[in-house]
Amino acid sequence: MEQNLILIAALPLLAGLLYFEKKESIKGLLSVKPVLSALFVVTAFLQIQEYSLYHSLILSGLILSLIGDICLIFFFHKKVFTAGLGAFLTGHVMYTIAFSQLGEIGWIMAIVGSICILISTTIFIKLKSSLGNMKLPVVGYILIITAMVLGASSFWDQKTLNITGRSLVLGGAILFYISDIFVARHRFVQKEFLNRAIGLPMYYSAQFMIAFSTGYL
């Protein structure tokens, strides 16, 4: 029941977030984004009955993502923005460890991993000329987000785990990966609202899917 109420509350908040992104309103973003991101943390808290290493790592990743979401609103403040990127990066590491420590190598991991590596390499080649001094940070981020998807796909191959939980993890990781492609497009290719309109719903869907997975695993 609580989870349904959270999702019902999240939809108008997401609509508001997209509206304020289009208007480029910092005050508007501050009024909705922290609340919306806090909801995926609350979702995990409500799901978890007994804490395991997986639950602790996922919850840490969600909290770090919440911090990152808030910090990135202040894109004009270099130190705060950098702190936000660091929080997101660490959050991805938490997810990667959480997925990998329960996963096992299998054919799904091989297929998904090959596709992600191909896409990541292609994206880097296309962006390389416009990265400037961001080249190394971007390479690092690409490696970590790709590792996260690999971890999630190895998770799918662990047949002893609940299939709903595995589906939420793999689906969430893939959506997260795709949403980051639109973040990169917005930052390095073409800054336009379309990137936000596609990327943000994917991002929040991913976070909620990962949060909901804690109730099944």
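Heads up, residue numbers simply count up from 1 along the chain you see.
Cβ coordinates come from backbone N, Cα and C, glycine included.
Annotation source TrEMBL lists transmembrane segment at 6-21 (among others).
Positions annotated as transmembrane segment by TrEMBL: 28-48 (among others). Outside the transmembrane segment (28-48), and at least 6 residues removed from its termini, the chain residues within Cβ reach (under 8 Å) are 2-3, 6, 9-10, 13-14, 16-17, 19-21, 55, 58-59, 62-63, 65-66, 69-70, 73, 204, 207-208, 210-212, 214-215.
Feature annotation from TrEMBL assigns transmembrane segment to 54-75 (among others).
Taken from TrEMBL, the feature transmembrane segment covers 80-99 (among others).
Below 8 angstroms of C-beta separation, residues 138-139, 142, 145-146, 149-150, 152-154, 156-157, 170, 174, 177, 181, 184 of the same chain, each at least six residues beyond the ends of the transmembrane segment (105-124), sit close to that stretch. Annotation comment: TrEMBL describes 105-124 (among others) as transmembrane segment.
Sequence annotations record features per position, and here TrEMBL assigns transmembrane segment to 136-156 (among others).
Among residues of the same chain six or more beyond the transmembrane segment (168-185), those with a C-beta under 8 A of the stretch's C-beta atoms are 95, 99, 108, 112, 116, 119, 123, 127, 138, 141, 145-146, 148-149, 151-153, 155-156, 195-196, 198-200, 202-203, 205-210, 212-213, 216-217. For 168-185 (among others), the entry in TrEMBL reads transmembrane segment.
Per TrEMBL, the feature transmembrane segment maps to 197-216 (among others).
Sequence-distant residue pairs (6 or more apart) of the transmembrane segment (80-99) and the transmembrane segment (136-156) include at least 3 whose Cβ atoms are under 8 Å, placing the two stretches in contact. Of the candidate ranges 54-75, 136-156, 197-216, 197-216 contributes the most Cβ pairs within a distance under 8 Å of the transmembrane segment (6-21). Tertiary neighbourhood of the transmembrane segment (197-216): same-chain residues 3, 7, 10, 14, 17-18, 21, 36-37, 39-41, 43-44, 47-49, 54-55, 58-59, 61-62, 65, 95, 162, 164-165, 168-169, 171-176, 178-183, 186, selected by CB-CB distance under 8 Å and a gap of 6+ residues from either end.
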